[in-house]
C-alpha cells in the first residue's frame with residue numbers, strides 16, 4: 001500500500017521525464033551543425049532547450065515552497081517530490097544539451113557547474129531517502145531515540161547503584177566511564193559515528209580511550225576470576241552485563257545519529273547551492289541578452 | 001429547640017443558590033419579616049466545587065440553546081467573576097446557614113425534620129435537595145481533621161510548597177499524583193492503608209513504585225498503615241505530626257503539612273437513607289423525579305446534578321422552577337419554548353406538554369420512563385417529519401431546535417454512513433434493511449431502529465427509507481446510553497430487539513417474530529475484555545459467536561500471529577457448526593467485545609428455516625478460510641497484523657500508519673497538521689510503537705465506539721457521517737476526553753499565537769516557521785479562554801484528504817481502516 005516516491009502513480013513522472021529527455025535529444029540533433037555553427041545555446045533549438053532548462057530550475061525550486069504550503073490542494077507533496085526527482089534528473093540532460101559541451105571559465109559554466117552539483121547532491125539525497133530509513137528502522141528495533149536514551153539513563157543509574165558496593169578504585173573507574181562516554185559531538189563526529197568515549201584509569205590523571213566500553217569490560221572480566229568473595233564476583237558479573245548492554249545501546253544510538261545525519265546533511269548543500277544556482281542563472285540569462 | 005421553615009434547601013451549589021434566590025424573592029413579594037426558607041450548606045462557603053476550581057478558570061455556560069432563568073446571574077466567564085456575582089446575591093439577603101451538614105432526614109411532607117451534624121434539628125414543610133454528586137472529600141476521621149493550613153483535602157499547586165515534610169494520605173490516583181509532584185521539592189511520605197497500590201492507574205502505579213525505590217528522591221511509603229491521630233502545630237510555621245498505626249506498632253511522623261486524598265463520600269447512601277429510591281444499581285444512576293422534580297418522597301424535591309443535570313445553567317433553572325412548583329405555580333419550565341420549537345412542524349396543533357404525553361404513551365418503551373427523563377430525551381432529540389419532496393421545498397428551514405423535515409421515500413440514512421443515533425417511529429412507516437442490499441423489513445409506529453450502530457459503533461448496515469407523513473424521534477447515542485444505563489427495562493428491550501435483528505441479518509431466517517424472539521431469549525450475550533479468549537485453537541467447539549460490538553482476532557500458531565479479524569455483525573467460529581468441530585484458530589477479543597453466543601440447536605433452527613441462505617453462509621465461510629489460510633502461510637504478515645491489533649487498531653476506523661522504511665523523519669506531517677489546525681499538531685510522529693517497519697504514531701484512530709465521547713459534559717465530541725470524530729467549539733476544557741482516550745491522542749492546549757505568512761518566514765526569518773512552535777506564550781485572550789481539548793479530525797471537509805498524508809514527501813504516511821490491514825502487510 002505504501003508506494004515509494006519513484007514508483008508514485010506507476011512511474012508517471014519517470015515516463016514524462018523520459019519523453020522530455022528524448023525530445024531534447026531530437027531537438028539537439030536537429031541542429032545538424034557544421035564547423036562554422038556547431039550545436040550551441042544560441043541556435044533556436046539551443047534557446048528552446050535553455051528556456052526549458054531555466055523553467056525546470058524555477059519549477060524545481062518551487063518544491064521548497066509547495067512543501068510548506070500546507071493548505072494547498074495542488075497535488076500531494078509526494079507527487080511533487082516524485083516529479084522533482086525525475087525532472088531534476090532529466091534537467092542534467094536538457095542543460096547539457098543546451099550547453100552543447102561548450103564550457104569555459106565564465107559565469108555560464110559556473111551556472112552549469114552549480115546546477116550539476118545541485119543535481120548530484122539531489123541524487124545522493126534520493127539514495128539516502130530510499131535506503132537509510134529502512135536501516136534506521138532496523139537499527140532502532142521498534143523504539144525511538146528517546147526510548148533508547150531513557151534506557152541508557154536507567155542503565156547508568158543502575159550501574160551507579162551497583163558500583164557503590166565495589167572498591168573505590170573500580171568505583172571511580174566505572175563512574176569516569178559513565179561520565180566520559182560521548183555521543184554526538186561535531187558534525188564529523190556525528191557522521192563518522194566513531195566512539196570518542198574515554199575513561200580515567202586508577203592513579204592516572206589523563207583519560208584514555210574507552211571506545212566500545214572496551215577498557216571497562218576488559219577490566220571487569222579480568223577481575224571476576226580474581227574475586228575473593230562470591231558476592232563480589234556476583235556484583236562484578238552484574239556490572240559486566242550492564243556495561244555490555246551499555247555498549248550495545250551506545251553503538252545503536254551512535255548509528256542512529258549517523259544515519260539521521262546522512263538523511264539531513266545533503267540538504268545543507270542542496271539548498272544553498274540551489275540559491276547560488278538561481279543567482280548564477282539570472283546572471284547567465286542577463287549576460288546572454290546583453291551580449292546578444 | 002428547633003427552627004421551622006416552609007422550605008429547607010440542602011446544598012448551596014448553583015442549583016441551591018438559585019432556589020434560595022427565588023425563595024427570597026417570594027419572601028420579599030409577600031413582605032415576610034423572617035425568611036420562610038433556609039439554605040443549608042455543609043461547608044464553610046457556597047458553591048464549593050467551583051470555589052475549588054483553579055484560579056482564573058474559565059467557566060462555560062453550556063448548553064447555549066437554553067436561557068437562564070434565575071434570580072442569580074450567570075454568564076460564561078472567570079471563576080472569580082461568577083463567584084463574586086453570587087456572593088453579591090447572597091449578601092443582598094439570602095438566608096444561608098454554613099457548616100450545617102444535613103446528616104439525617106425523617107418525617108413527611110409538611111413536617112420534615114432535618115438533623116444537622118451539630119445536633120441541631122430543622123423542621124421544614126418541603127425539602128429541596130441540591131447536594132450535587134461531587135460529594136465531600138472523605139475526612140481523616142480523627143480529631144483535628146477539619147480542613148486547615150495543616151490538614152488539606154486538595155492540592156492546588158504543588159509548587160506552593162518547598163523544603164517541607166509533607167504526608168500524603170491515600171493510595172488512589174489523586175494521592176499518587178500529588179505525592180510525586182510534591183516530592184520534587186519536598187520530603188514526602190505516602191500513607192497506604194493496604195499493602196499495594198491496587199486502585200491506581202498503571203502509569204501511576206509504575207510511577208509511585210519507581211519513586212519509592214528511587215534513592216535520590218525523598219519519597220517514602222508506609223504500607224498497611226492507618227491514621228491514628230494527629231498533632232496540630234502549636235503555631236503556623238511549626239511542625240505538626242501524624243500518628244500512624246503500622247504493622248510494627250505506632251509511628252509518629254513530624255511534618256509541615258498533611259494532604260489527605262481519600263476520595264469523596266458518595267451521596268447514594270445518604271440519599272437512600274432519606275427513603276429516596278434509586279432504581280438502577282448502576283454507579284451513575286440518579287434518583288427518579290417527576291416533572292416537578294419531586295422524588296418518590298412527596299415534598300422532597302431533587303434538582304441539579306443529583307437529578308441528572310450536571311450543567312450549571314440547567315441546575316440554576318431548576319432551582320428557580322422548583323420554587324415555582326412548591327408555591328403552586330404551574331410555571332412552564334425554562335425549556336418549554338424548546339419543546340414548542342421541537343414540535344413546531346407537526347401536522348397538528350396541540351400544546352407541547354400534551355404532545356409530550358401523547359408520544360410517551362404511544363411508544364411502549366418510553367411508557368416506563370419517568371416524565372422528566374422522557375422530556376430531556378425529547379429536548380436532546382430531533383423530531384423528524386417526512387414530507388413529499390414538493391412540500392419539502394416550501395417547508396421552513398429546520399434549525400437546531402425546530403422540527404426537522406426530510407423527503408418521504410428517501411433514505412434517512414444510507415448503508416455505510418457513520419451515525420449512531422437511535423430512531424423511534426411515532427407515526428407512519430419506515431422500510432428498513434439490516435444489511436447492504438438485504439431484504440426490506442417494515443417498521444410500525446411504536447417500534448424503533450438504529451440500535452445496531454448504537455450498540456456496535458459500526459457504520460449503518462443497509463438503508464432506512466421513510467414513507468410519507470411519518471414522524472420520528474431521532475435520539476443521539478449519548479442520550480440513549482445514559483437512558484440504557486439508568487433504565488434496566490429500556491436496556492433489555494433494546495437488547496432483545498438488537499439480538500433479533502442481528503440474527504435476522506446474519507441468517508435471514510423465515511421464522512415468525514415470536515419464534516425469533518424465543519431464540520433471542522435463549523442465546524447468551526458474552527462480554528470479553530481486550531485479550532480475553534473466546535475459544536482456543538485445537539479445542540472442540542459446538543457454538544459460534546455473532547459479534548455485537550468490538551473486534552475479534554483469529555490467531556493460529558501463536559498469540560501474535562493474527563490470520564483474520566472479524567467485526568461486529570460478523571460470525572466467528574462458524575466452522576465448528578458448518579464443518580469440523582475442531583477449532584482451526586484461537587479467537588481473542590482485540591478490544592472490549594460483546595458477542596451473542598449461538599449453540600447448535602438454535603443455529604440449526606435458524607438455518608433450517610431458510611435453506612437458501614445456507615449457500616451464502618457457506619461461501620462467506622470459504623472466503624474467510626481462504627484469506628486466513630493465505631495469512632497463516634505468511635508468518636511475517638500475520639505477526640504485523642498482530643502488532644497492529646496490539647496497538648489497539650482493531651477498534652480503529654481510520655488510523656495513521658507510517659512505513660518506517662520510507663519515513664525520513666522530516667516531520668512534515670506534524671507541521672502540516674499544525675498548520676492546518678490553528679497551530680497545534682494533533683499527531684506526534686516520533687512517539688508510538690513500531691514493528692517490522694510499521695509505525696503507529698500517537699494520533700487519533702477514530703475508534704468505532706470512541707472512548708473520548710463517553711463523558712463529555714457539553715457533548716462537544718461528535719462524529720460525522722463519514723466517520724471523523726471531532727471536537728466542536730463548545731469544548732469546556734474539562735479534560736475528561738484526554739483521560740478517557742487510551743491512546744493519548746487528545747491533549748489540552750491553549751490556542752497558539754498567529755503566525756506570519758510563509759514567505760515572511762522564508763525570506764525574512766519572521767516567526768517560528770511552519771509547524772507547532774515548541775514553546776509559545778499564549779496570548780492573554782487565549783489564557784482567558786483556557787485550555788481546550790485538541791485532537792485529529794481526519795481533516796474533515798478538506799478536499800485533498802488528511803494534510804499529514806498529503807504533506808508526506810516520501811509516501812510513508814497513510815491513513816487506513818482495518819479492512820486494509822491485510823493488504824498493507826502482505827508482500828512487505
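In case you wondered, yes, glycine gets a Cβ from its N, Cα and C as well.
All TrEMBL annotations are machine predictions without curation.
Remember, predicted model here, so these are calculated numbers, not experimental data.
For B:383-501 (among others), the entry in TrEMBL reads domain 'Cyclic nucleotide-binding'.
Residues in the domain 'Cyclic nucleotide-binding' (B:507-607) partition by DSSP class (helix H, G, I; strand E, B; coil) as 23 helix, 41 strand, 37 coil. Per TrEMBL, the feature domain 'Cyclic nucleotide-binding' maps to B:507-607 (among others).
The predicted model assigns the domain '4Fe-4S ferredoxin-type' (B:654-685) a mean pLDDT of 93. As annotated by TrEMBL, domain '4Fe-4S ferredoxin-type' applies to B:654-685 (among others).
The domain '4Fe-4S ferredoxin-type' feature in TrEMBL is assigned to B:722-751 (among others). For the domain '4Fe-4S ferredoxin-type' (B:722-751), same-chain residues at least 6 beyond its ends with a Cβ under 8 Å from one of its own Cβ atoms are 58, 60, 62, 64, 418, 459, 648, 653-654, 678-680, 682, 687, 698-703, 706-716, 778-779, 782-783, 785-794, 796.
According to TrEMBL, the feature domain '4Fe-4S ferredoxin-type' maps to B:786-819 (among others). Below 8 angstroms of C-beta separation, residues 57-58, 551, 565, 567, 649-650, 652-660, 662-664, 666, 668-673, 675-677, 680, 682-683, 699-700, 702, 708, 716, 720, 722-727, 731, 733, 735, 737-738, 741, 745-751 of the same chain, each at least six residues beyond the ends of the domain '4Fe-4S ferredoxin-type' (B:786-819), sit close to that stretch.
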Helix, strand and coil residues within the domain '4Fe-4S ferredoxin-type' (B:654-685) as assigned by DSSP: 9 helix, 7 strand, 16 coil
